[in-house]
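Student: Submitted below is the structure of interest, expressed as structure tokens.
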Amino acid sequence: MATTQQEMSKLTANTTSWWKDPGRRKLNLLLVIALVSSATNGYDGSLMNGVQSIPYYLSYFNSPAGSTQGLLNAIQPVGGLVSLIIAPYMADYGGRKWTIFTGCAIVVIAGIVQCLSINIHMFIAARFLIGLGSGFSGLGSPLLITEVAHPAERGILTALYNTQYYFGAFLGGWITFGTLYIPSNWAWRLPSLLQAAPSFFQLLLVILLPESPRWLMSRGKDEKALEILAKYHANGNREDPLVRFEYAEMKASIAQGEQKGRWSDLFATKGNRYRVFICLACGVFSQFSGTSIASYYLANILNALGYENDPTYKNLLNAFILMANMFEAWFWACMVDRFGRRPLFLTAGCGMCCTFATWIALTARSTQDPSNLGYGKGVIAMIFFHNFFYNFAWISLNVSYPLEILTFKIRANGLLLQNIGTYICLFLSQYTIPIGIKAGGWKFYFFFQGWLFIQVVVVYFFFFETRGATLEEIAKTFDGAEAVEEVKMRAVQAEGVHDIREDDAYDEKRGANDQGVTHVNEVNEKHL
């Protein structure tokens, strides 16, 4: 029997471009609603960078610094951590769609509270609620996108999810730059209120999203799942070969996984323990890459470089950095299926090691010779270059790669662990950066340089290629070929799926896909 990967390659070989297919066009437009979830976190980082340069904010809250400044930033991921106690259960029992709805509702309320804050404690509480709400929507959205997307667009769509962080940051950066000129406390209140805008947009439209077919099957709603697959993947044709194949494969893999995974399942097999390791690695490396220094504390960096009394320059630079990041991230997210995941991860890690080392050296020289503005300009240039390499992989693949390697049974809980790693490291970096810079200056940066070296080593030895594979086929890398064969046999027994090697109509069209599959197998065999 042909492998699942080859069968899927055949079935997708004849697919037209998504914009020419009514069902897929509608589906991809609807998935934009879920993609917006990541924008909330991006807006948050940009907001805090921007308002710290607004005189009215500094005056109203008595210029928070040190541990207070760290807490203002770090309390948001604390809210995200708290959300993860409940969010996976809501995603598995209530559905992906309603998990998004709950999160968006909390963020909208939090945005209003943040805008109306009368003291620093109320502002901190609102930021906790923003973290709580974005934790719910940030778990439900990527799950839904991965599980409902058409196979031809799944890689790009899941990669695009986290890049919307920069879209939110881009909006926040330019909004805080614009409100800088409002001669009242609305200079910071208005951008605080507008933080709820992306979630409010989702709140109005999330009801239009289709629910995950895999989740529906796990709840015994097979007919509804088939209806969604047919409607969006084949324009209502339930007998379409791709739809029947997807349906059978999902049904078989869910039956094999006994529908709902337990926490112990994350560590029950060697393959699952490997998946957990990669999920945690993604969470840690995405936050300990040095980018958080400029993402949340650009104002501090510029103060040290001699731009302390120029809030216009600070906000304008922040906005331009975010705009560059957004376009870079979108571009590389669209390249994940062309170049593969592993080459992008390795390029990102090696590039960041070089740029951050240069960043440290220039910062040290600027500290020793503050009259020479060339060093400071060099630091600003390195921020752009460092973000450029980061955007190769760690903004687009940070969420999509774990989602690809996790099986349905442990997908929600595995993504939870990835989020836990992300939020803990985000909290540690945001809380300790102002303290570390104050205590150790540029020497504190070596903490992140060390993690960049660790990142390159771990990616080289432990990250596998997944380009061209179905979600079920990726299990072969972790669980062995026998696991995939069992899923395939269950699919054949359940639905009578024929061996599509017999269908010669696809043979001439499948060349490019099969070459990609062969490349993936060769890379992983050499890697092993």
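Glycine residues also receive a Cβ, built from the backbone N, Cα and C atoms like all the rest.
A TrEMBL annotation is a machine prediction, not a hand-curated record.
In case it helps, TrEMBL gives these features for our protein:
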- 30-467: domain 'Major facilitator superfamily (MFS) profile' (DOMAIN)
- 71-91: transmembrane segment (TRANSMEM)
- 98-120: transmembrane segment (TRANSMEM)
- 126-145: transmembrane segment (TRANSMEM)
- 165-182: transmembrane segment (TRANSMEM)
- 276-299: transmembrane segment (TRANSMEM)
- 319-336: transmembrane segment (TRANSMEM)
- 343-362: transmembrane segment (TRANSMEM)
- 374-394: transmembrane segment (TRANSMEM)
- 415-433: transmembrane segment (TRANSMEM)
- 445-464: transmembrane segment (TRANSMEM)
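Could you tell me the structural context for the features on the list?
Tutor: Residues 34, 37, 40, 61-62, 64, 68, 72, 83, 87, 90-91, 126-127, 129-130, 132-141, 143-144, 189-190, 192-197, 199-200, 202-203, 206-207, 209 of the same chain lie 6+ residues outside the transmembrane segment (98-120) yet bring a C-beta within less than 8 angstroms of a C-beta in it.
Residues 31, 34-35, 37-38, 40-41, 44, 72, 75-84, 86-88, 90-91, 96-100, 102-111, 113-114, 117, 157-158, 161-162, 192, 195, 199, 202, 209, 211-212, 399-400, 403, 411-412, 415-416, 419, 423 of the same chain sit 6 or more residues outside the transmembrane segment (126-145) yet have a Cβ under 8 Å from a Cβ within it.
Non-local neighbours of the transmembrane segment (276-299) in the same chain are 45, 48-49, 52-53, 73, 169, 266-267, 314, 317-318, 321, 352, 356, 359, 383, 386-387, 390, 394-395, 397-399, 401-402, 405-406, 414-415, 417-426, 429-430, 433-434, 437, 445, 447-449, 451-452, 455, 458-459, 462-463; each lies 6+ residues outside the stretch with a CB under 8 Å from one of its CB atoms.
For the transmembrane segment (319-336), the list of distant contacts is 46, 155-156, 159-160, 163, 165-167, 169-170, 172-174, 177, 294, 298, 344, 383-384, 387-388, 391-393, 395-397, 400, 467: same-chain residues at least six beyond its ends, Cβ to Cβ under 8 Å.
Remote same-chain residues near the transmembrane segment (415-433) are listed as 67, 70-71, 73-74, 76-78, 80-81, 84, 87-88, 131, 135, 138-139, 142-143, 266, 276, 279-284, 286-288, 292-293, 296-297, 300, 398-399, 402-403, 406, 444 (criterion: CB distance under 8 Å, separation of at least six residues from the stretch ends).
Taking Cβ pairs closer than 8 Å, the transmembrane segment (445-464) reaches residues 274, 277-278, 281, 284-285, 288-290, 293, 341-342, 345-346, 349-350, 352-353, 356-357, 359-360, 363, 401, 405, 436, 477, 523-524, 527 in its own chain, all 6 or more past its ends.
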Student: Which listed range (71-91, 165-182, 374-394) shows the maximal number of Cβ pairs under 8 Å with respect to the transmembrane segment (343-362)?
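Tutor: The listed stretch sharing the most Cβ pairs with the transmembrane segment (343-362) is 374-394.
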Student: What residues elsewhere in the chain lie close to the transmembrane segment (165-182), defined as a C-beta under 8 angstroms and at least 6 residues from its ends?
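Tutor: Contacts of the transmembrane segment (165-182) (Cβ under 8 Å, skipping residues fewer than 6 from its ends): 38-47, 49-51, 53-54, 56, 188, 190-191, 194-195, 198, 295, 311-312, 315-316, 318-319, 321-323, 325-326, 329-330, 395.
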Student: To what whole number does the mean pLDDT across the domain 'Major facilitator superfamily (MFS) profile' (30-467) round?
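Tutor: It averages 87.
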